[in-house]
Amino acid sequence: MSQETKMLPSLSSLLSGTEISSSPVSPSFTNPRTSFHLDDRGTIKLPPLNTSINRPRSVESALRHTVTSLHENSSAYGDDMLKHTQSDSALSSQLNSSQETVDESHENLLLTPLNSKKRDYSVSSKKNDILTPLSAAKSIIIPSASKEKRRAFAFITHSQETFPKKEPKIDNAPLARRKRRRTSSQELSILQAEFEKCPAPSKEKRIELAESCHMTEKAVQIWFQNKRQAVKRQRIATSKSTTIIQTVSPPSPPLDVHATPLASRVKADILRDGSSCSRSSSSSPLENTPPRPHHSLNRRSSTPSIKRSQALTFHLNPQKKTLTPVKTSPNSRVNKLINSIDHSPSKAKRPVSNPSGSPKRKRKFGFKIVDQQPLKDLDPNAFRG
C-alpha cells in the first residue's frame with residue numbers, strides 16, 4: 001500500500017481563503033471564514049464585535065429551543081454558511097445535508113407542539129415554585145386569591161378592619177374592642193328602680209326596659225346580672241365584717257367578790273360576830289385567848305382566791321339568814337367534819353371547867369385539843385392511859 005502524506009495548508013492560504021479546505025467538516029460545526037484585513041504595517045485587524053458570529057451548536061441544543069427561535073437561528077445559520085462557502089463544493093453539499101436535518105427536526109417539532117408547551121409549562125412552574133425570602137414574606141403578608149380560605153396562623157384574632165366583615169389572615173393588626181356603652185343618669189335611675197322592685201325581671205319586662213332605656217334586651221339582661229353579683233358581694237363583705245366585730249369583743253372586768261352586796265353583808269356579819277365573841281371571851285374567866293383581829297379574817301377570806309387547792313365556801317345560818325365563810329380542805333372527810341358542825345346560837349359552846357387550868361375543848365367526836373406549845377420529846381408511856 002502506498003502511503004499518502006497529508007500536508008496541512010499554509011497560513012497564507014488560510015488567510016487569503018483561496019485554498020479549499022480538504023478536512024471534513026461536521027454538519028453541526030460552523031466555520032465562518034472571515035477575511036482578515038491587513039494594515040499598511042502588515043498587522044491583522046480583527047472584525048468588530050458587533051458582527052454576528054454564531055457559536056457552533058449541536059443538533060440536540062437546537063431541538064431544545066422553541067420553533068420560532070429554531071427558525072430564526074436556522075435562517076441566520078444558512079446565510080452565514082452561504083456567504084463563506086461559495087467556492088467549497090464539498091462544504092456546500094454538507095451544508096445542504098445539515099439543512100435537511102434541521103428541516104426534518106423542524107417538521108418533527110411542528111408535528112408535536114403539545115410536548116413543547118408541556119415542557120415550557122413545567123419549566124415556568126418550576127421557576128414559580130422556587131421560594132426566596134422576599135417571595136415568602138410577600139406570600140404571607142399579601143395572600144393570593146387562591147389562598148383566601150387558608151389561615152396564615154393557628155390563632156386568629158379580630159382586627160379593627162376585618163372584625164365586621166370576616167376573619168383576618170394575620171394577627172399583627174391591633175385588637176378590635178367593642179365600644180363600651182355608658183348608661184345615662186336617667187336610664188340608670190329607671191334600671192335601679194326596677195331592680196329594687198324585682199332583681200330578676202322576666203323577658204317581657206326586659207324588653208319594655210330596653211325600649212324605655214334605648215338599649216337592647218341582651219344589654220338589659222347583662223346589667224341585671226352584674227347588679228345581682230355586686231349586691232351579693234356587698235352582702236358577703238358586710239356579713240364578714242359583723243362576724244369579726246362580734247368575735248373581737250372587749251374582755252369583761254374580773255369579778256370582785258368583796259365588791260358584791262352579798263359579800264359586804266357577810267363581812268359586816270362576820271365583824272359583828274367577832275365583836276360579840278370578844279365580849280364573851282373577856283367576860284369569861286376560863287378563856288384567856290385574845291380575840292382574833294379583823295384583818296386576819298380579811299386575809300383568810302382573800303387567801304382562797306390565791307391558792308388553787310383551797311375553795312371559799314359559805315355556811316348559811318337559817319335564823320339570821322347570814323353566810324359564814326368556811327375554809328375547805330382538799331380532803332373530802334375533813335370537809336364533812338367541818339360542814340357538820342352546827343353554828344346555831346341556840347347550841348352555844350359551853351366552856352368546860354378544867355381543874356388543871358389548861359383550856360380544853362370537847363368536840364362532838366371527843367377529840368381533845370391540847371394547848372399549842374412548841375414540840376418536845378415525846379414520851380411513849382403518856383399514851384397508855
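Just so you know, glycine gets a Cβ as well, placed from its N, Cα and C.
Here is what Swiss-Prot records for this protein:
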type	residues	note
DNA_BIND	176-235	DNA-binding region
COMPBIAS	10-23	compositional bias 'Low complexity'
COMPBIAS	24-34	compositional bias 'Polar residues'
COMPBIAS	87-99	compositional bias 'Low complexity'
COMPBIAS	236-249	compositional bias 'Polar residues'
COMPBIAS	275-284	compositional bias 'Low complexity'
COMPBIAS	299-312	compositional bias 'Polar residues'
COMPBIAS	319-343	compositional bias 'Polar residues'
REGION	1-57	region 'Disordered'
REGION	87-113	region 'Disordered'
REGION	235-259	region 'Disordered'
REGION	271-385	region 'Disordered'
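Per-class residue totals from DSSP over the compositional bias 'Polar residues' (236-249), listed helix then strand then coil: 12 helix, 0 strand, 2 coil. Per-residue confidence over the DNA-binding region (176-235) averages out at a pLDDT of 88. Broken down with DSSP, the DNA-binding region (176-235) shows 43 helix, 0 strand, 17 coil.
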